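Student: Pulled these from TrEMBL:
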{"type": "TRANSMEM", "residues": "6-32", "note": "transmembrane segment"}
{"type": "DOMAIN", "residues": "22-294", "note": "domain 'G-protein coupled receptors family 1 profile'"}
{"type": "TRANSMEM", "residues": "44-68", "note": "transmembrane segment"}
{"type": "TRANSMEM", "residues": "94-114", "note": "transmembrane segment"}
{"type": "TRANSMEM", "residues": "126-149", "note": "transmembrane segment"}
{"type": "TRANSMEM", "residues": "169-195", "note": "transmembrane segment"}
{"type": "TRANSMEM", "residues": "243-263", "note": "transmembrane segment"}
Amino acid sequence: MSIWELLLAFLVVLLMLVALLANVLVLMCFLYSADIRKQVPGLFILNLTFCNLLMAVSSMPLTLAGIIYKSQPGGDQVCHAVGFLETFLTTNSMLSMAALSIDRWIAVVFPLSYHSKMRYRDAALILSYTWLHSASFPTVAASLSWLGFHHLYASCTLYNKRPEDRTQFVIFTGVFHALSFLLSLVVLCFTYLKVLKVARFHCKRIDVITMQTLVLLVDIHPSVRERCLEEQRRRRQRATRKISTFIGTFILCFAPYVITRLVELSSAVHINSHWGIISKCLAYSKAVSDPFVYSLLRHQYKKTWKDIINKILKRSSINSSALAGEPRARNLPPLNE
């Protein structure tokens, strides 16, 4: 193996381990906290977490084996199954992010009618659509034998080996990425830009009230005034930073891989195999970033994880105290002496 292949193999191992750990933490928080389970977005996050976990235990290990052995890992049936699962999970993840953005849009733009517009039944219907949508494309690909080991990405994915099917495969690939990546990106941009517009409007109202208060309080200390103005700047930047993170991570992780898959369809363009694997690793990195972007960095999940840690530490301290007190109990004289 060359130094590049060693680095790529190490990158896949790192992504796999971090994705497993981070998504298991999200799952633990979901199971532990009743408040998180009651929230409708929790269903979308749970679905996204399961997609990321399955990606980490199915596609990533086979890609690692493909990088090391430079050939198809396992038999054709295993590779076809993993290719089907990889296509399904990638599409499902994209649509789950779009569903989360729709939930945030309704919550921010229509706060008074949110509970009537986004109920558990509505979330279940959205998830049902994402599953049907995600399963349709790999089902068609499997029926046409368009799943297999692709050396450019060292993974089992969409792949056409028959030259006579090239035109049909090009059309299928274009429609697939248009209705998965592009559709999700359009929904993300539309909903989050609407959310940003509302957030900026509220920030302006708060800023006006704050400035009026500062003008009235003529005896206020300069340091307090400066802290108020600094909080204004942070408030304006917070919404922009969060929305930029949601859209930016989606584009950064998926766009290079999708563009590479589309450029690959042109026989006139040669793509380096190292870049193909790197673009695949960028797509895998979404399974690493999702737990932090959508869950673990939020206040409610931080509090839940702290409660879990405190409960574990408290239990261990009680057990250690009991073990420490047991020898002393053995040395005590009997009560009848």
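Cβ atoms here come from the backbone N, Cα and C positions, even for glycine.
Show me how these features fit into the shown structure, please.
Tutor: Here the transmembrane segment (6-32) has Cβ contacts under 8 Å with residues 42, 45-46, 49, 52-53, 55-57, 60-61, 63-64, 67-68, 274, 277-278, 281, 284-285, 287-288, 290-292, 295-296, 301, 304-305, 307-308 of the same chain, all six or more residues outside its ends.
For the domain 'G-protein coupled receptors family 1 profile' (22-294), the mean pLDDT of the prediction comes to 87.
Within the chain carrying the transmembrane segment (44-68), a Cβ under 8 angstroms from the stretch's Cβ atoms is held by residues 1, 5, 8-9, 12-13, 15-16, 19-20, 23-24, 26-27, 30, 74, 79, 82, 85-86, 89-90, 92-93, 96-97, 99-100, 103, 123, 126-127, 130, 149, 151, 153-156, 277, 280, 284, 286-287, 290-291, 294-295, all 6 or more beyond its ends.
Long-range contacts of the transmembrane segment (94-114) within the same chain, counting only residues at least 6 positions beyond its ends with a Cβ under 8 Å from a Cβ of the stretch, are 40-41, 44-45, 47-48, 51, 123, 126-127, 129-130, 133-134, 180-181, 183-184, 187-188, 191-192, 194-195, 198-199, 246, 250, 254, 290, 294.
Sequence-remote contacts of a segment are chain residues at least 6 beyond its ends whose Cβ falls under 8 Å from one of its Cβ atoms, and for the transmembrane segment (126-149) they are 43-44, 47, 66, 71-73, 76, 79-80, 83-85, 87-89, 91-92, 95-96, 99, 102, 155-162, 165, 168-169, 172, 176, 179-180.
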